[in-house]
């Protein structure tokens with residue numbers, strides 16, 4: 001293999017996939033990136049066995065061939081080279097790849113390309129096409145609620161529930177839940193539920209632009225594949241059931257608070273400063289036309305905020321983790337929002353005020 | 001979409017909201033027939049229909065509305081999927097099961113033919129009588145009454161007579177029914193003012209086979225009706241075959257007139273089969289299941305299982321099930337292995353006495369010491385262990401176990417808890433206990 | 001303000017399936033039961049074992065699988081219908097697979113005993129499959145009429161044997177897994193040491209831990225389990 005190209009393009013390709021490479025690997029070859037010169041392209045691929053990213057970039061192909069080289073080191077080298085420089089990769093001898101640019105020379109240890117694992121070609125049973133913008137919005141509106149490292153495998157990801165008329169994204173960490181729905185003629189006959197792993201969700205969110213270009217999700221055989229121009233992401237799905245989220249979203253509640261999103265958000269963020277750092281508890285006192293927010297920390301420092309709201313229903317008091325409220329308010333776009341409540345031990349439901357309530361946020365209270 | 005597919009999806013949704021036992025008992029077994037506007041759910045009986053209508057119609061409606069973009073009328077009724085052609089159900093809007101125009105009677109078990117009946121000393125007389133009656137129904141042995149304990153083949157002989165009569169005359173009306181069913185039908189016929197219909201149904205049979213006639217003992221009104229039916233059939237030389245769990249003369253509460261009538265015919269006993277007959281029965285029953293049972297295996301089982309024919313069948317069924325599963329040939333070793341726990345039951349059931357003996361032997365103390373009031377450690381511990389074992393291995397209550405050891409139930413309860421605790425903390429007790437457990441159960 | 005976060009009801013519901021049943025020493029009984037779903041029929045089984053040995057779980061699993069294979073079946077918990085047994089058993093002989101649970105949980109009235117005996121005969125003569133579940137083995141069962149006892153003794157009888165400690169630990173881990181929880185080996189053994197050993201209490205503990213770990217967003221470690229059980 002021998003290719004030549006400008007540094008920025010090569011760096012861009014590597015940057016796209018390098019996030020997948022885990023810093024600590026059990027399998028040495030997984031710290032490497034797969035490189036193949038074919039036709040007038042360089043194919044760059046990285047995987048952690050759960051997710052695989054492959055990007056191709058046009059290059060000057062002097063000699064076709066393939067190899068794998070240390071991903072991080074190659075990335076750092078390219079980053080260190082000056083912008084606009086010309087770079088070449090060349091297999092110099094068995095087990096060595098030569099990287100040259102101007103007066104710089106680097107010899108990297110390589111491993112055989114045949115050994116490099118690949119998530120086998122996907123057998124797509126279902127294909128759904130939507131715009132970049134729509135998919136990105138679905139992800140942005142719920143992904144913050146995914147669990148980080150829960151024991152429950154199914155919480156460490158995002159549910160895509162695909163019905164004939166809509167696509168829903170759902171995420172929950174067991175304390176709060178976010179659901180967003182997009183109306184779409186999907187072409188599926190029966191409902192389909194898949195759980196995307198956290199990493200795939202975050203990578204997708206990073207790579208989707210907000211445009212109207214279409215993106216196709218191919219699903220089958222426990223995998224999902226997304227083709228974005230010259231980039232292909234393949235991910236294993238989380239094998240398991242997702243909880244019955246519809247049961248968790250309350251139907252009708254007897255108290256309804258209408259508030260200005262930005263005002264309430266700001267008040268909550270200020271009060272949060274003096275909340276217990278670990279538990280993040282905040283007390284909400286609802287009175288007609290008034291929301292009182294109180295926090296107190298172990299040092300007995302206190303905060304109190306009052307914000308105007310419209311309350312429909314009896315006054316009440318309830319505790320929440322303030323982070324959960326802020327996350328939900330941050331994910332919204334409208335000027336006003338609605339918070340529906342039933343009692344101090346029952347979940348609160350937040351959504352955007354207005355005609356189209358496509359996203360719902362359920363937050364369980366805290367006993368303070 | 002077929003009704004059953006829709007229904008499976010619907011049940012999957014309901015599963016998330018309803019108790020699993022309810023889903024299993026009342027919803028999963030339903031069959032569904034789907035038309036353009038209606039979903040008909042078919043339940044095996046009224047009990048299920050009523051329960052579904054009362055408790056589950058709401059959730060079902062909601063689940064269906066989430067699955068289908070249009071509304072359906074949901075209808076719950078008694079029915080079997082194959083028996084009800086889709087179209088007619090919908091056209092007629094069957095709400096209730098069709099009222100039966102005749103009285104439901106039992107079916108002759110196709111396997112119970114006279115040819116398949118294994119003869120031995122214990123039943124040769126009954127067999128001969130059945131053969132005779134089958135050849136000359138309505139003749140001198142009328143009624144034929146077969147008596148003996150449950151599980152010895154009375155019903156088989158009775159069905160055999162029915163089959164033979166039908167073989168000779170396929171148009172004959174052979175009516176077979178259990179006495180208690182007959183009784184129930186009679187009472188409800190009276191209640192519904194259909195007594196005439198009931199009488200006609202039974203008095204026009206060519207052969208009437210009534211199982212377990214002892215059930216009508218003590219039921220005067222039924223006996224009256226039976227007496228008349230009986231006379232009507234005998235007069236027109238129609239055959240009657242009856243079974244009874246004892247010699248009819250010994251049956252309390254049976255009308256003297258009926259006892260006399262029964263004596264007009266022939267009463268024959270079936271008794272416990274002997275070893276050879278038991279083995280032959282096993283081989284024949286195995287044949288019916290396409291299982292080759294060698295004589296040595298049959299004798300092995302027949303020797304161990306002595307009580308009645310049905311228990312033999314139980315052992316054989318168990319053997320057949322395991323043989324089919326493992327694909328192994330049925331050898332003596334295989335039979336020993338797969339029936340080990342069954343045999344163990346017959347060889348030595350775990351009784352309170354067994355436990356006492358085993359525990360006394362193990363700790364080298366006298367049997368009486370287990371029930372004594374002495375509280376020395378060396379006796380108290382074995383006593384507690386014995387009581388704990390009794391709780392684990394038998395179905396006796398704390399009180400019953402207490403009685404056996406001359407203690408009250410709180411002492412047993414305490415021993416039970418104490419031993420559970422000691423098995424955690426004291427390795428010696430743990431070992432003793434598990435040794436005894438093994439001795440008693442293998 | 002320290003506070004206790006309440007969890008959302010997103011814990012997975014456990015379902016009684018063959019996959020969530022830990023057979024241990026009872027593989028023969030389990031595979032025979034599953035064999036009933038193959039074509040063919042005419043088998044009558046008696047499944048016996050003390051309360052908590054998994055009889056109902058197995059019958060539920062069988063019903064679930066029968067339904068997904070479109071095998072017509074029925075399940076009746078006999079003690080729930082004591083007053084109306086003849087009606088509750090009516091028509092069941094038309095089903096290919098009939099499961100009758102709780103044979104000796106409560107004394108059956110004579111009318112019910114008879115109806116049951118007739119049903120068994122009818123199922124047999126139609127070549128259907130029958131599974132009965134009882135706490136006691138067949139020869140210890142007593143009914144208002146001997147007719148039923150002898151019919152039951154004709155069933156292929158399978159006793160569910162108690163699980164060893166190792167099997168109990170496997171069972172706990174399997175049930176936790178069915179809820180999406182990872183229960184490490186050492187924690188499972190710790191639970192066995194700390195708790196009453198009957199399966200009911202063990203499974204109850206799994207449920208408690210599931211909720212607690214969801215609320216605290218903690219893994220199931222020994223210290224965490226300790227703190228939860230102390231609270232309970």
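Placement of Cβ uses the backbone N, Cα and C atoms for every residue, glycine included.
The ATP binding site annotation in TrEMBL covers B:151, B:153, B:154, B:155. Look at TrEMBL and you will find B:140-270 tagged as domain 'AAA+ ATPase'. Feature annotation from TrEMBL assigns domain 'Chromosomal replication initiator DnaA C-terminal' to B:351-419. What TrEMBL records for B:1-98 is region 'Domain I, interacts with DnaA modulators'. The region 'Domain III, AAA+ region' annotation in TrEMBL covers B:107-323. Marked as region 'Domain IV, binds dsDNA' by TrEMBL: B:324-442.
Sitting within 8 Å of the Cβ centre of B:151, B:153, B:154, B:155, and not among those site residues for ATP, are the Cβ atoms of B:148, B:150, B:152, B:156, B:157, B:243, B:270, B:309. Counting residue by residue with DSSP, the domain 'Chromosomal replication initiator DnaA C-terminal' (B:351-419) contains 53 helix, 0 strand, 16 coil. Sequence-distant neighbours of residue B:154 (ATP binding site): residues of the same chain at least 6 apart with a C-beta under 8 Å from its C-beta are B:126, B:146, B:147, B:148, B:211, B:243, B:270. Sequence-distant neighbours of residue B:155 (ATP binding site): residues of the same chain at least 6 apart with a C-beta under 8 Å from its C-beta are B:109, B:112, B:211, B:243. Secondary structure from DSSP puts residue B:153 (ATP binding site) in coil. Sparsest Cβ environment among the binding-site residues B:151, B:153 (other Cβ atoms counted within 10 Å): B:151. Looking just at the domain 'AAA+ ATPase' (B:140-270), the mean pLDDT is 89. Look at the domain 'AAA+ ATPase' (B:140-270): DSSP puts its residues at 69 helix, 24 strand, 38 coil.
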